[in-house]
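Database features, via TrEMBL:
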- 436-573: domain 'STAS' (DOMAIN)
- 621-648: region 'Disordered' (REGION)
- 99-117: transmembrane segment (TRANSMEM)
- 123-141: transmembrane segment (TRANSMEM)
- 171-189: transmembrane segment (TRANSMEM)
- 246-266: transmembrane segment (TRANSMEM)
- 286-310: transmembrane segment (TRANSMEM)
- 322-343: transmembrane segment (TRANSMEM)
- 350-367: transmembrane segment (TRANSMEM)
- 387-412: transmembrane segment (TRANSMEM)
Amino acid sequence: MDHAEENEIPAAAQTYCVERPIFSHPVLQERLHPKDKVSDSIGDKLKQAFTCTPKKIRNIIYMFLPITKWLPAYKFKEYVLGDLVSGISTGVLQLPQGYSVFCLGVCRFGFVAIYLTEPLVRGFTTAAAVHVFTSMLKYLFGVKTKRYSGIFSVVYSTVAVLQNVKNLNVCSLGVGLMVFGLLLGGKEFNERFKEKLPAPIPLEFFAVVMGTGISAGFNLQESYNVDVVGTLPLGLLPPANPDTSLFHLVYVDAIAIAIVGFSVTISMAKTLANKHGYQVDGNQELIALGLCNSIGSLFQTFSISCSLSRSLVQEGTGGKTQLAGCLASLMILLVILATGFLFESLPQAVLSAIVIVNLKGMFMQFSDLPFFWRTSKIELTIWLTTFVSSLFLGLDYGLITAVIIALLTVIYRTQSPSYKVLGQLPDTDVYIDIDAYEEVKEIPGIKIFQINAPIYYANSDLYSNALKRKTGVNPALIMGARRKAMRKYAKEVGNANMANATVVKVDAQVDGEDGTKPEEEEDNVKYPPIVIKSTFPEEIQRFMPPETVHTVILDFTQVNFIDSVGVKTVAGVKCETIFFSSFIAQVVNDLTRNRFFENPALKELLFHSIHDAVLGSQVREALAKQETSAPPSQEDLEPNATPSTPEA
């Protein structure tokens, strides 16, 4: 055992050696055998879609009735107290308090939730918290103000409260502050001793009961003009079919309400999901909202969505599962049907204090700002623009503005990616940004250029310019100079051939005057030997950087797609000096569909990795130097040789 430990190699010092060919694209494809993919026929797809299997039935039931999934796995001892306390607390908070959602869940419209990125959600919910806070101020101060909505509503509400602050109700404010202090202290106690308590103390429930008792005992409404909940009508309206004659007048607003309501719901759901570590299904949320609004419309209810304050109360009082929501709903049903009169004396200031205290977690999201400042200025921009637009334009227009800005940042990121020139970590096949580490060195004669984004119409010109700027090599100028040099070289060789042919013919005529017969007829003249060079004139080198670069490698490791404009851009820089490395299959398919490989020889320039491309370019350069230094072959020295022009 001791001997084994002495010879053990540390993980950092372990090495491996791989011996394989240089994998250009054609060489690699020869070793790979694609799997046969048999696509299902339309009939098979329809059969699969409409086939009823136990698994499919179970998934449908889980989608429409999620209680059938979580209730059998309910941990009674662990969850029941928290859900009970949470349900009661949320229920008492709701004491005073559609149809299109056209279908959106069934149509799997929940995919839009992916566009609500975390900075957007956190900025949006923080702005919503400010809206809720300002709407609660008038109840806390006991002042009468107009209810505002729409653009700048938060400003108008705040100004209205401040203008009427001289008329505040001292008793109402005192009751509210007393409950406020009780809740803050109690929540701190719950947090500090949460490991020892079987369930959080139901502070909100005690606050409602205490506030109702004090208000009723001291007759605060009549004696001190304290605003209370008032009369709660008992019973439900009889069910009735919606008035279909109004559909054509409200369907546009219904769609807008459905989208905004879903966005508010999914934002709150994502916030809590990130906090507690579970996933949210956007389609299931839509179906739940749709069923609630559809059934509620039969009883002439308002359209429903997520309540920011009540969700925070339910989460803050220890709710673990949907059972807490069920209990809260049952409490509301009980109040509506029978016991509503018991809470008619409840001061509105008590409810506003409960809501404001539970907004604490949302206001803590302002701490995101320094975090995003350090990590990502773009995400900071999304957070701030979402918050500001939702705060001043309202949650509906603010949400639309935020989503548009978030999408624009995606375009900006792909349009302005980072471009890097890579170098080799010596004696390895690892290639890293040369500007990042001192140990990384460029390989003489080779430039490795990398982009961390797709190449498409929005950044193709920027990509071409960055390639020239970063590598110091302009492939287009090199190609132009090469073509010009080849034309000039061909012209010089052609002129030399013509001059030599004239000399031979004149000599033949002179020989004929002396009575001698020329060796050949005019159409069969022998030309003197012309030696064809395999190198290009030196004027090409003026387009190259001072340190001679014979190869530019374009690393496509982080390119996940390329459109037709991008293909044309890459095609504009392809030449003998350009190699391509680390293509993913999708990019190769994009290039093939856009006829990039009309010349099959171009596939020889594709390599499996950067290291393969480096080795391939070094081998090709060595062969070129060997050919240049070799003496002219017998074929080059034979007469009637015509100038051969190497392909560009």
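Each residue, glycine too, has its Cβ placed from N, Cα and C.
Ranking 123-141, 246-266, 286-310, 387-412 by CB pairs under 8 A with the transmembrane segment (171-189) puts 123-141 at the top. Ranked by Cβ pairs under 8 Å to the transmembrane segment (350-367), the stretches 123-141, 246-266, 286-310, 322-343, 387-412 are led by 123-141. Taken as a whole, the domain 'STAS' (436-573) shows an average pLDDT of 67 in this prediction. By the count of Cβ pairs under 8 Å, the stretch nearest in packing to the transmembrane segment (123-141) among 246-266, 286-310, 387-412 is 387-412. Between the transmembrane segment (286-310) and the transmembrane segment (246-266) there are 3 or more Cβ pairs closer than 8 Å, counting only residues 6 or more apart in sequence, so the two stretches are in contact.
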